[in-house]
C-alpha cells in the first residue's frame, strides 16, 4: 500500500507548448487568422499590399542615377522595357545640393553644416538632461549668438554686442530694483537693451571692426534656400517661440490687467489670422510702410512672423498645462512663502510644461512643416526650388522624384521630433511612480 | 481748409518719397550690383542651373543692364518673385527692375505706376490638345473641359474667347503649370491653355510630344517686357535703351563674336554710335561710351539670346514669329540710335 496513492506524487516534466501556439505560427494564428472573418480581412489586406508594392517597387528600382535629362531617363527606362515607367534619379544627383543648401556658396557650406552639428551639441544638455553636464548649458546660451553669425557671417563684434544687450538688461534690473521697485526695474531692463540694440550696436560694431577687423565672409539672405532655409526658419522660430509662449501664457493668467489684456489680444489676434496672411504681410505690406531704401531682410521678416505665429499657439498649449494643475499646487507654493517668480519657476512651470509636452511638440512639428509656405512669397525653400528645377528644360515634367526626396527629408526630421517627445514623456512619467 | 493741409502734407510726403527713390542709377552704382526681380522658375525665361546661376531669356535682359551700368554681367542679385509679390517688390524698391514675363497692360502701366520700357517677347495665349481628340481649331472646342491657371489674365481671356465665339466650356481650375501638365496628361481636361511659349515648353517635356498639337489660334496679346518704377525717367531710359541696343545689334549684325572687331570702327555710323566709337550716346545716358558694347557682349544680341534660351535649337523650340526683326516680318523694331 505504501507505494499507492490517489494523487500524483511527482511533477510531470515540462512539455513544449503546442506548435500552433508559439513562434511564428502561433503569432500568425492569434493575430491574423483568428477567425473566418479576420482571415478574409487578412487576405484582402495582403492583396492590397502586394498590389501597391508590386506597382511602386519597379518604379522605384530604376537605374537612372547618371541621366542628364528627363529624356535620357526615359530612354534608359524604355530600353529596360518597363511597363510602369521608372523614376528619374538624375535630377536628385544633379540638384541634391541645391535642394539642401539653396544658393549658399559652395566653399562656405561647412558653415551651415557646422551650425547644424553645434545645434545638436547645444541641444544635448537641454534634451537629455541626465546624460550631459549642466555646464554645457553655457554653450547653449552662446550658441544663440554664434549660430546667426555662422550663417550670415560678418564681423564677430555684432553678435557679441547683441549678447552684451542682455547683460545690460540684467544689470539694469539688478542695480535699479532696490531703488525704483520691481516693476519699474523690469520695464527698464526691457527698454535699455532694446535701445542698445536699435541705436548703439551699429556704430560701435563698425568702430570695433575698424580697429580689429575679425570676421567671416558675409552671406546674404537671398542665397539661403532649400532644406537649410526650412530648418533655419524652423529652429529659430521654435527656440524663440517657446520662450515667448511661456511669457504669453503667464501673461494671460496674470492679475495685472494691462499685461493680461495685451497677452489675450496678441494671442487671439495671431490665432485668428492664417499664417499665410502673416507671410504676405511680411513680404509685401511691411515694405510699403517702411521708408524707401530701408533694407529689412526678407528672411528675418519671415522668421519674425513665424515666431509670433508659433508663440501664440505655444502660449495656449502651455495655458492648457497651467489650467490642468490642481489648485493645491498654487496654494502650496503660496503657503511655502515663495514669491511669484519662484513659485512659477520651481513649482508651477515644471509641472505645467511636462503636461504640455505632446502639445508643444506637435505645434513644433506643425510649424516646421509650415515653413514650406514661404515658397508662396517667392522664397526658394525645397518646395519653391522644385518649381525652379522644373523650369530647367532638362528636368521639365519631373514631379514625384523631387517631392519624394523632400518628403523623406521632412519625414526624418518630424519623425525624430515625435519619437523624442514620446521618450521624454515616458522618462518624465517615472517621476510619479 | 483742414483737408487741403492734409493733402498738402501728403503731396510733400509723396515728393519726398519720390525724391528718395529717384536716383536708381546712383543706388545701383553705390551698391555695386543690380537687383533684378525674376521669375522663380519658367522654362527658358528664368531658372537657376545646377550651380545656382540664373539663366534664361528674361535673365539676359538684367545681365545686359548690369553690364551696361556696372561693367559686369554677373553683378546681378536675382530676387525670385511670384505673380502675387512681383509688383510690390518693384514698387517698394526691393528690386531695381522687374524682368519677369510681365504683360504690358494699361492698368499696370497707369494705375500701378510702372514704366514698361519695351517688349522683349510678344506672346499670346494658345491651346494644346491631344491629337486623338481630332480638333484642328480652338473654335471646335465646344463643351470641352479646359485646364486653366486661376487668378491670371489667361482666365479672363478664355472667358472672352468662348463668349465671342458663342461656345461653352467647363473650366478645371489648377494652381501651377506643373499641376496643369499632370492633369492634362491624366486626361482630367481636354485642353490646357496658357501662353504659347509656356505651351511649347510643356509639350517639349511630354514623353510623346508628337501626340499633342498646339492649336493655331492665339486668343490674346501678351507683350512681355521689363518694367521699372514710375518717376525715375533716367533709369527707365537706361533700361529701355539697353534693350533697344540688343535689338538694334541684331538688326545691324553685331554679334558677340564680331563685336571686338566692329568696335575698332566701321563704315556704318549707326554701328559706330551704338558701340561708342562715334557720338556721345553713353554720356547722355549718364554712362560711359562703351555701355552698349558691354551690354551686347554680356549674352549676345537679341537674336543670340533668343536662340540660346528659347529658340529652335533648344528643347522649347520656339520660332521667331512675331519676335523676328521688322525686316523679317516680325515686330522687333528698335528706334534709331541718333
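Glycine too: its Cβ is placed from the backbone N, Cα and C atoms.
The transmembrane segment annotation in TrEMBL covers A:36-61 (among others).
What TrEMBL lists as transmembrane segment is A:113-129 (among others).
Among the features that TrEMBL reports, transmembrane segment is placed at A:149-173 (among others).
What TrEMBL lists as transmembrane segment is A:180-204 (among others).
The transmembrane segment annotation in TrEMBL covers A:224-250 (among others). When Cβ-Cβ distances below 8 Å are used as the criterion, the transmembrane segment (A:224-250) is approached by residues 98-104, 112, 116, 119, 144, 151, 263, 266-267, 299, 302-303, 306-319, 322, 344, 349, 353, 360, 364, 367-368, 371-372, 374, 379-382, 384-385, 406, 409-410, 413 of the same chain, each at least six residues removed from its ends.
Marked as domain 'ABC transmembrane type-1' by TrEMBL: A:227-421.
As annotated by TrEMBL, transmembrane segment applies to A:262-286 (among others).
As annotated by TrEMBL, transmembrane segment applies to A:298-318 (among others).
Only residues 6 or more beyond the boundaries of the transmembrane segment (A:355-380), in the same chain, are considered here, and those with a CB under 8 A from a CB of the stretch are 102-103, 225-226, 229-230, 233-234, 237-238, 241-242, 275-276, 279-280, 282-284, 298-299, 302, 306, 309-310, 313-314, 317-318, 320-321, 324-325, 387-388, 410, 413-414, 417-418, 420-421, 424-425, 428. Per TrEMBL, transmembrane segment is recorded for A:355-380 (among others).
The list of residues near the transmembrane segment (A:400-420) in space but at least 6 beyond its ends in sequence, with Cβ under 8 angstroms from a Cβ of it, reads 87-89, 91-92, 96, 99, 127, 227, 230-231, 361-362, 364-365, 368-369, 382-383, 386, 389-390. Sequence annotations record features per position, and here TrEMBL assigns transmembrane segment to A:400-420 (among others).
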